[in-house]
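Below is one structure, written out as structure tokens, with a few remarks after it.
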Amino acid sequence: MATPKSKSKSKSVFDIVKSRELSCFQVRKRPNMDGWVDAFYEIGAIATQHDCEDIVPLALSYAKTTKYSHIIALSNEEGFVSLFDTSRKFALPTCYERNAEESRICEWSAHNNAVFDVNWIKDDTQILTASGDQTVKVWDVQEQKCLGVLVGHLGSVKSICSHPTNSDILVSGSRDGSFRLWDLRCNFTVKNRRGECSISSIADVKGAHDPSQAQRVRRCKSKGASMSITSVLWLKDQVSIATSGAADSVLKFWDTRNLKSIVTQTCPQPQSTGKQRLHGISSLSQDDSGVLLSASCMDSRVYLYNILQLEKGPLRYFEGGRIDSFFVKAAISPDASNIVCGSSNGKAYVWQVNKPQVEPTILKSHFEEVTAVDWSRSDHGKLVTASDDFTIRIWNKRNYAATPVIPFAIRRRIMAMPKVECKMLLNNEEIFPKSIDDDLLSDGTLHNPIKSVMPTTPPKITTPESHKNQLSSEFDLTVSPKSTPESASKSPSSVLNPPPSLKRTIRDYFASSS
């Protein structure tokens with residue numbers, strides 16, 4: 001059934017945001033106290049409704065740029081996308097409907113089916129929506145206008161992620177068991193009945209998490225559900241993709257220069273144990289540095305991996321809540337200090353990454369399954385949770401200390417880091433830096449990890465003359481590189497630090513298509 005169209009707004013999104021910037025709620029400075037006092041407190045609750053009817057929220061995401069980092073995008077099972085301003089001072093917690101009305105920036109009908117994932121791109125001027133109608137749509141945020149439809153999946157699209165430095169490049173994962181790569185710079189083709197242009201994928205991998213390779217599949221799940229890809233991530237090295245599935249807890253890592261086989265894989269337990277019970281993964285997330293990756297598993301644990309040490313398995317795991325459905329997600333904070341996870345018992349759990357032995361902080365305001373969660377990119381410690389109780393809730397962190405503690409992500413981002421430098425920063429399982437001198441400004445203050453991080457300039461790559469014509473006329477991500485001992489290695493270092501023998505990188509293909 002088609003969902004009703006939302007009412008048009010007289011003001012644009014950015015006009016409303018600009019008018020509210022002067023009235024943003026200011027957080028008080030942190031006082032100095034002896035010892036640590038960690039606490040998350042609720043600062044607002046918003047009803048998830050449309051035309052006064054409650055709708056279950058499915059996905060949410062904070063905007064990525066500093067200017068719009070207070071805005072969240074929320075999608076629901078009826079196909080609507082709403083933007084809310086979380087910087088305002090909310091009314092009493094019981095005024096959910098009033099809070100929704102006053103903080104809503106805009107709302108529109110994105111799909112005639114559930115929207116399972118949303119992703120901001122292009123400096124927060126566009127939004128991607130992944131839907132149960134088997135498509136991904138690109139939206140102009142200011143005009144709420146569809147700029148294109150990505151077609152090709154044969155099942156619900158469960159996850160979408162953009163390239164870390166080029167948001168024209170996307171990866172999506174679907175219930176059909178495949179993940180696909182897309183380039184928004186390609187020419188759009190035939191328009192559909194709504195006048196929306198469509199675009200096809202540039203590469204795809206089918207059966208990426210084929211359940212036939214697993215030891216057994218849960219009986220309660222259908223074949224389609226068991227082969228589903230639940231989450232995709234484009235890693236910070238700009239070349240590698242991580243994927244997870246519903247069949248088991250195996251994480252797979254792919255090199256986009258050669259998608260014919262995985263580079264490496266990892267899981268919580270060795271696959272050789274014949275009687276082990278298999279659990280799927282509901283979500284993946286990574287911190288701003290790109291070194292740590294969290295995976296929420298259906299065994300009700302959240303596993304933490306070091307991308308540079310995948311052969312060791314997870315660094316640690318966090319438990320306490322219940323993950324009874326694939327709608328329950330987890331997310332690591334941008335500075336890698338905390339992990340938040342929803343729970344089927346109506347609560348959310350927040351752990352300290354560097355203190356896994358400490359009991360988690362329990363967020364108790366919800367009373368139905370807590371599903372989607374996300375962290376603000378600029379306001380450290382600020383997060384949002386969504387629940388089947390038809391509300392989303394915004395939380396902030398009280399964090400006092402007598403001496404300053406330096407967050408993990410303040411050290412410079414690892415981009416194909418040499419092995420010697422990796423060992424200096426990551427000594428076995430020690431994940432916090434010992435020195436911060438390189439991250440101090442001349443006045444003694446710290447770099448803002450979001451504002452100061454800049455992509456590493458890639459080395460100049462020359463292409464043989466014999467290949468130039470082929471590159472200019474064909475966009476092929478599946479061309480196999482020259483076989484070398486390094487490329488055949490299963491070491492995770494080949495994911496983040498590709499061998500120099502691979503002369504043709506994904507940048508060559510991107511340049512040839514523009």
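From the backbone N, Cα and C atoms, a Cβ is placed for every residue, glycine too.
Bear in mind that TrEMBL entries carry predicted annotations, made automatically and left uncurated.
Taken from TrEMBL, the feature repeat 'WD' covers 108-149 (among others). In terms of DSSP helix, strand and coil, the repeat 'WD' (108-149) has 0 helix, 25 strand, 17 coil.
Listed by sequence, the residues of this chain that lie at least six past the ends of the repeat 'WD' (150-192) yet keep a Cβ under 8 A from its Cβ atoms are 113-114, 116-119, 121-122, 126, 128-138, 198-210, 224-225, 227-236, 238, 241, 243, 245, 256, 290, 455, 475, 477, 510, 513-514. Look at TrEMBL and you will find 150-192 (among others) tagged as repeat 'WD'.
Assigned with DSSP, the residues of the repeat 'WD' (363-396) fall into helix, strand and coil as follows: 0 helix, 18 strand, 16 coil. Positions annotated as repeat 'WD' by TrEMBL: 363-396 (among others).
As annotated by TrEMBL, region 'Disordered' applies to 447-514.
For 459-475, the entry in TrEMBL reads compositional bias 'Polar residues'.
What TrEMBL lists as compositional bias 'Low complexity' is 480-496.
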Cβ-Cβ under 8 Å with the repeat 'WD' (363-396): same-chain residues at least 6 beyond its ends: 27, 40-49, 54-66, 69-70, 72, 74, 84, 86, 90, 93, 96, 288, 324-325, 327-335, 337-338, 340-350, 407, 450
